[in-house]
Amino acid sequence: VITRPEMEIGRYHWMYRSSRPHRYHHVPALRGNISPLGIQGCFECCIKCLGGVPYASLVATILCFSGVALFCGCGHVALTGTVSILEQHFSTTASDHALLSEVIQLMQYVIYGIASFFFLYGIILLAEGFYTTSAVKELHGEFKTTACGRCISGMFVFLTYVLGVAWLGVFGFSAVPVFMFYNIWSTCEVLKSFQSNVTVPGDQICVDIRQYGIIPWNAVPGKACGPILENICNTNEFYMSYHLFIVACAGAGATVIALIHFLMILSSNWAYLKDASKMQAYQDIKAKEEQELQDIQSRSKEQLNSYT
């Protein structure tokens, strides 16, 4: 009777035609960045690292930093120029625009705080994007989530939503000085077009700042007409403040877009964390069941060996 080991030996001789042991030959290393053992080189490591960059969060962070920088920097300089124009041409008495000067100074301090806060908040959101992207899972192995991590991600979603609504108000508020300066600039253009028409005196074309409510009605002079208004429009402070307010308004709009972009990214990351936690729970249950099955099989083998 031929036993099973003898059958295996015969099949081996029939397949390889020889019972001589296999000889291993030295394989030279391949030229390039990858060795025959599969060790990655510098180029492959760089490609893998670039694949782990959350480009959506990176674009949103750059857009957020740019928008906040334009709003804060241009808004700060434009407010200073506005105070100078009011003091020189529309309100010669310091007591008339004292409240406005305090409000503008307070707004400038708020601008400092906004710039500092969004610099840190943008970095935090970018870091959150790095740690929740699916590419990080591929780089660092199995991805583990906790209830605290999901709670923090949900908190970022809520906070970004609140900040987005607040910046919508900032965007609307930043359009008010643009509207005021545009009215003054358009009045100056009308005044220049009427200079050749002798039937329409230039003194009848005026700009009254008091109607906007930024200075009281008893402020002196409160308005500018004719040649005085034309001189105001020809100053560098007026054009500089006008264009800076436009850029600040555009920066506020860019910040709103960046926050909306962040909100979409954070919502997607939160959904990913939620699915990852469910998958983790499923894998834990599956591993526990497999361990119990292995324990049962090992006990069965032990009992069978004891009987035999």
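For all residues, glycine too, the Cβ spot is worked out from N, Cα and C.
Annotation source TrEMBL lists coiled coil at 279-306.
Residues or ranges marked as transmembrane segment in TrEMBL: 58-86 (among others).
According to TrEMBL, the feature transmembrane segment maps to 106-131 (among others).
For 152-185 (among others), the entry in TrEMBL reads transmembrane segment. Here the transmembrane segment (152-185) has long-range neighbours at 71, 75, 78, 82, 121, 124-125, 128, 132, 207, 212, 229, 232-233, 238, 241-242, 245-246, 248-249, 252-253, 255-256, 259-260, 262-263, 266-267, 269-270, 273, meaning same-chain residues at least 6 beyond its ends whose C-beta is under 8 angstroms from one of its own.
According to TrEMBL, the feature transmembrane segment maps to 244-266 (among others).
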Close approaches to the transmembrane segment (244-266) from elsewhere in its chain (Cβ under 8 angstroms; 6 or more beyond its ends): 54, 56-57, 59-61, 63-64, 66-72, 74-75, 77-78, 81, 118, 125, 128-129, 153, 156-157, 160-161, 163-164, 167-168, 170-171, 174-175, 177-178, 181
Stretch-averaged pLDDT - the coiled coil (279-306): 75
